[in-house]
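Report on the following structure.
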Amino acid sequence: MTYKTNISIVFLHSCRPFANGMGIISCIHSILFVLMVAQVIHGSEIHLKLDSVIPPNITTDDAKFFTHSAFRVLIGADPPTAFKFMKVSEAEFPALNGQGVSYAVLQFPSGSLNPSHRHPHSAELLFLLIGSLKVGFVDANDVLHTLTLQAGDLFIFPVGVVHYQYNYGRDLAFAISAFGSANVRTITTPGLSKRLPSLARLMHQMLRR
């Protein structure tokens, strides 16, 4: 296996300090480290082999099957005038079948809202790249959790919770969301949207004065 050859090379380099008179302790520490790395690599290789999911009749050389270019339209495009949501799930990208992951891009012009909704059987991990967002979700005890995110922040919406995002800032907000399902479902929940946006829009109007 490839990792055996690499580890042999590392092993020889590990004991070079001992050969140069730097001490047997340094050599022992290096050897232990190499053995630990070998175990991790070996375990990971077995794990990947057992869990590998590749659709039938597809070879690993067919790289085009594993590539999706839908998001290219975002590069250099004008910002939207209303909230825009673009997703890539199993329906759009068949290679996601069995992989347990999908992706979405969310664009929020100033004052726009992603109305309250939930994703059954899937968490959502949101990464805010540009701007700021007010996010919130309601937990199983009907407690509302809210926070204002800044660019560079990550926020996790737990599986199945009702949640929303709102851009009360003056500038565009741009976020990417990853989902723990290749076929994530979205169910709208207008009740929360009716409660929250009124306050958020009031804050937005006050900030713009």
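Heads up, residue numbers simply count up from 1 along the chain you see.
For all residues, glycine too, the Cβ spot is worked out from N, Cα and C.
Given the structure is predicted, the values throughout are model-derived calculations rather than measurements.
Features as listed in TrEMBL:
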BINDING   Asn114, His119, Glu124  oxalate binding site
BINDING   His117, His119, Glu124, His163  Mn(2+) binding site
DOMAIN    75-209  domain 'Cupin type-1'
TRANSMEM  21-41  transmembrane segment
Across the domain 'Cupin type-1' (75-209), average pLDDT on the 0 to 100 scale: 88
Integer Cα-Cα distance in angstrom, Asn114 (oxalate binding site) to His163 (Mn(2+) binding site): 9
All-chain count of other Cβ atoms within 10 Å of His117 (Mn(2+) binding site): 18
Cα-Cα distance linking His163 (Mn(2+) binding site) and His119 (oxalate binding site), given in Å to the nearest integer: 9
Distance from His117 (Mn(2+) binding site) back to Glu124 (oxalate binding site), taken between C-alpha atoms, in Å: 12
Asn114 (oxalate binding site) CB neighbourhood, other CB atoms within 10 A: 22
Chain-mates of Asn114, His119, Glu124 with C-beta within 8 Å of site centroid, oxalate: Ala104, His117, Arg118, Leu126, Phe157, His163, Ser177, Phe179, Thr186
Secondary structure composition of the domain 'Cupin type-1' (75-209) [DSSP: H/G/I, E/B, coil]: 21 helix, 57 strand, 57 coil
Remaining residues near the recorded Mn(2+) site, that is with C-beta within 8 Å of the centroid of the site residues His117, His119, Glu124, His163: Arg118, Ser122, Phe137, Phe157, Val161, Val162, Thr186
